[in-house]
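Participant: Here you go, one structure.
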Amino acid sequence: MDEEEIEKAVIAYLKKKGFKQTELAFQEEQHHKFSTIDNHSSSNSTDTEIARQILSFSSELGNNPAKYHEGYGKLRSWAYSSLDLYKHELVRVLYPVFIHCFMDLIAKGHIQEARNFFNNFHEDHEMMHSRDLQKLEGVLSPSHLEEMEFAHSLRQSKVNIKICQYSYDLLLQYLHKTQSITMLGLINEHINFQVSSGQPSSISDDADGFTLMGSGQDAANLINQREIHWGLLEDSLEDRMEKAGGLVPDSEKLDGEAKEGELEENKKRSLEGAKQGASLKKLKKDKVAGATGKASRVESSTVSVAPRVKPELTLPSIPAEVEHSILEDLRNRVQLSSAALPSVSFYTFINTHNGLNCASISNDGSLVAGGFSDSSLKVWDMAKLGQLTGYATSQVDDLSPNDSVLGPNSGRRLYTLFQGHSGPVYSATFSPFGDFILSASSDSTIRLWSTKLNANLVCYKGHNYPVWDVQFSPVGHYFASSSHDRTARIWSMDRTQPLRIMAGHLSDVDCLQWHANCNYIATGSSDKTVRLWDVQSGECVRIFIGHRSMILSLAMSPDGRYMASGDEDGTIMMWDLASGRCVTPLVGHTSCVWTLSFSCEGSLLASGSADCTVKLWDVTASTKVLKTEDNKVGTINRLRSLKTLPTKSTPVYALRFSRRNLLFAAGVLSKSA
């Protein structure tokens with residue numbers, strides 16, 4: 001074997017590993033060597049041995065597909081037989097090794113061996129990575145690896161894996177002891193270990209222990225350095241009320257104190273015998289409630305201290321009667337906290353025959369809408385429904401239109417039927433004042449309906465594929481939509497063409513949410529990322545990476561600083577918009593998180609899931625911990641679950657806090673749940 005062949009083999013190896021500096025140094029050394037030729041016969045055998053090792057590495061990867069099966073099988077057996085303390089960290093390594101073994105076999109043309117490998121080992125990863133595996137299962141040729149964006153991005157990027165020093169040492173010892181060149185090459189090429197000192201992380205941190213890096217993460221880090229203004233709008237109704245004396249006017253406070261004084265005097269006069277004890281107990285309860293209210297007002301001050309920003313969109317004017325109604329709601333808002341949880345009003349759809357796709361509730365809870373697979377949109381007026389005898393206001397009955405469209409003994413419909421779409425309705429949203437409703441459908445259109453006229457006003461066309469979500473802005477007039485075509489679009493009610501098109505996601509845009517100041521829109525996608533977009537420029541200003549499955553729900557805190565996102569696995573993540581960092585994961589749901597909603601003062605977060613529960617989370621405690629531990633590296637901070645509200649058998653489709661802080665929820669009764 002001549003020296004030129006050895007040199008080529010060494011350079012090929014260094015290029016494959018990405019060791020550019022070593023490659024340059026080696027080439028420089030070769031130039032020096034040839035300029036001063038020496039006859040070192042003793043070194044020939046050593047060089048030949050090195051060349052043999054390098055060439056055997058290349059031939060092993062290229063010509064022996066069985067090495068992948070054998071190497072991965074041994075690594076898997078070793079990881080699962082490790083000590084329990086370190087097992088979960090070592091098992092994290094298996095998934096990226098598995099997918100790259102499979103893709104390497106495909107890339108080298110060993111299609112049948114790749115299928116056998118996939119079928120033998122994919123069950124290990126079904127629970128955590130089922131959607132990824134479904135995509136990879138469709139890769140049947142080397143060309144598919146280039147055409148499929150998901151597979152292409154995996155091969156072009158590295159994976160970050162968090163691991164403690166001892167687990168890392170154990171892995172290195174195993175690889176060197178077994179001399180598994182195939183596994184060693186894959187791990188070096190595709191995994192970046194973030195080694196930490198101390199004890200191994202807990203199993204509950206597995207969602208944070210595995211993230212995609214490389215070109216995608218580098219782009220995210222670059223984008224996340226941009227400045228954003230997360231504050232609230234100047235001269236909002238809340239601002240005006242605070243300047244005038246707070247959400248509860250001083251006159252009302254004085255009236256309340258006077259009435260309370262009169263009430264106490266009357267109680268003192270009537271205290272006799274057994275009644276005296278009962279009255280004293282009630283007075284104590286009133287004092288406790290008063291203290292709780294004061295505490296919750298202190299917690300709710302986070303909204304008032306948020307910075308104020310100017311709107312980037314031209315905001316519509318608010319009618320005087322609507323403004324008066326909103327101010328009345330704000331004056332009567334119940335202050336919530338971890339000690340004062342909200343009342344919940346749950347609307348249950350029955351007899352839907354698996355036809356309900358989505359539900360929406362108006363701001364005051366008076367109207368409830370459902371989007372159905374038969375392309376219809378139905379709206380129930382709770383006030384009218386409550387007047388009908390024999391029907392409870394908490395149950396919405398979707399009856400067959402052929403025989404029971406009319407209410408019993410009333411001659412009126414139980415609901416208002418909106419027809420116009422030519423495909424299933426996947427999303428519906430009420431305008432802030434309840435006078436309009438938008439619906440999005442698989443027919444790729446969005447329709448605007450009037451709840452006053454009970455008629456379709458406009459049909460918006462622009463998307464090329466099914467529209468999964470549509471949301472009115474907090475001020476009305478503007479709305480946003482997300483679609484299977486991987487874009488989100490911003491619209492205004494008076495124009496049939498979109499004002500902005502936001503493209504960048506690698507897969508379906510499944511959900512979206514407006515920021516409180518209307519200057520930003522957040523989108524959640526099947527590519528497992530959440531993006532924040534500037535509505536004026538249409539540019540992406542934040543990318544949030546950390547979820548392990550598709551994003552199904554989003555919510556913005558009332559002060560505009562935080563965002564919550566829920567995914568298909570049941571994980572909820574709280575994000576700081578300014579830094580782009582995950583504040584804390586919320587672990588507790590066992591199935592898809594379909595809806596999220598912050599309370600009006602931002603102290604609580606409600607989540608609704610396909611596991612038939614509503615959970616309430618303590619946001620205030622978490623953000624306080626975040627501020628005190630902001631400079632600490634590796635701080636693990638989790639929101640506290642305050643309460644779990646189970647339903648009998650009703651997956652939760654929609655949640656909404658009213659302006660008075662009553663929590664409305666909606667879902668469909670499911671016999672199979």
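Each residue, glycine too, has its Cβ placed from N, Cα and C.
In TrEMBL, annotation is done automatically, which means it is predicted and not curated.
OK, TrEMBL features for this one:
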type	residues	note
COMPBIAS	250-272	compositional bias 'Basic and acidic residues'
DOMAIN	63-191	domain 'TFIID subunit TAF5 NTD2'
REGION	246-303	region 'Disordered'
REPEAT	349-382	repeat 'WD'
REPEAT	418-450	repeat 'WD'
REPEAT	460-501	repeat 'WD'
REPEAT	502-543	repeat 'WD'
REPEAT	544-585	repeat 'WD'
REPEAT	586-627	repeat 'WD'
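I'd like to know what surrounds each of these features in this structure.
Facilitator: For the domain 'TFIID subunit TAF5 NTD2' (63-191), the model's pLDDT averages out at 85.
Within the repeat 'WD' (349-382), the DSSP-based counts of helix, strand and coil residues read 1 helix, 20 strand, 13 coil.
Sequence-distant contacts of the repeat 'WD' (418-450) (same chain, at least 6 residues past either end, Cβ-Cβ under 8 Å): 322, 357-364, 366-367, 369-379, 456-461, 463-472, 474-476, 479, 481, 483, 491, 493.
Same-chain residues lying 6 or more positions outside the repeat 'WD' (460-501) and placing a CB less than 8 Å from one of its CB atoms are 313, 315-316, 423, 426-433, 436, 438-448, 507-514, 516, 518, 521, 523, 525, 533, 535, 538.
Taking H, G and I as helix, E and B as strand and the rest as coil, DSSP gives the repeat 'WD' (502-543) the counts 0 helix, 24 strand, 18 coil.
Mapped onto DSSP classes, the repeat 'WD' (544-585) shows 0 helix, 23 strand, 19 coil.
When the repeat 'WD' (586-627) is classified with DSSP, helix, strand and coil residues number 9 helix, 19 strand, 14 coil.
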Participant: For the repeat 'WD' (460-501), what are the DSSP-based totals of helix, strand and coil residues?
Facilitator: 0 helix, 22 strand, 20 coil
Participant: Could you tell me what the rest of the chain brings near the repeat 'WD' (502-543), counting residues at least six beyond its ends with Cβ under 8 Å?
Facilitator: 131, 149-150, 153, 219-220, 223-224, 226, 228-233, 309, 311-313, 315, 468-469, 471-475, 478, 480-484, 486-490, 549-560, 563, 565, 567, 575, 577, 580
Participant: Sequence-remote contacts (6 or more beyond its ends) of the repeat 'WD' (586-627), Cβ cut-off under 8 Å?
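Facilitator: Same-chain contacts beyond the ends: 204, 296, 299-300, 302-303, 333, 335-338, 341-342, 344, 346, 552-559, 562, 564-574, 576, 637-657, 659, 661, 663, 665, 667, 670, 673.
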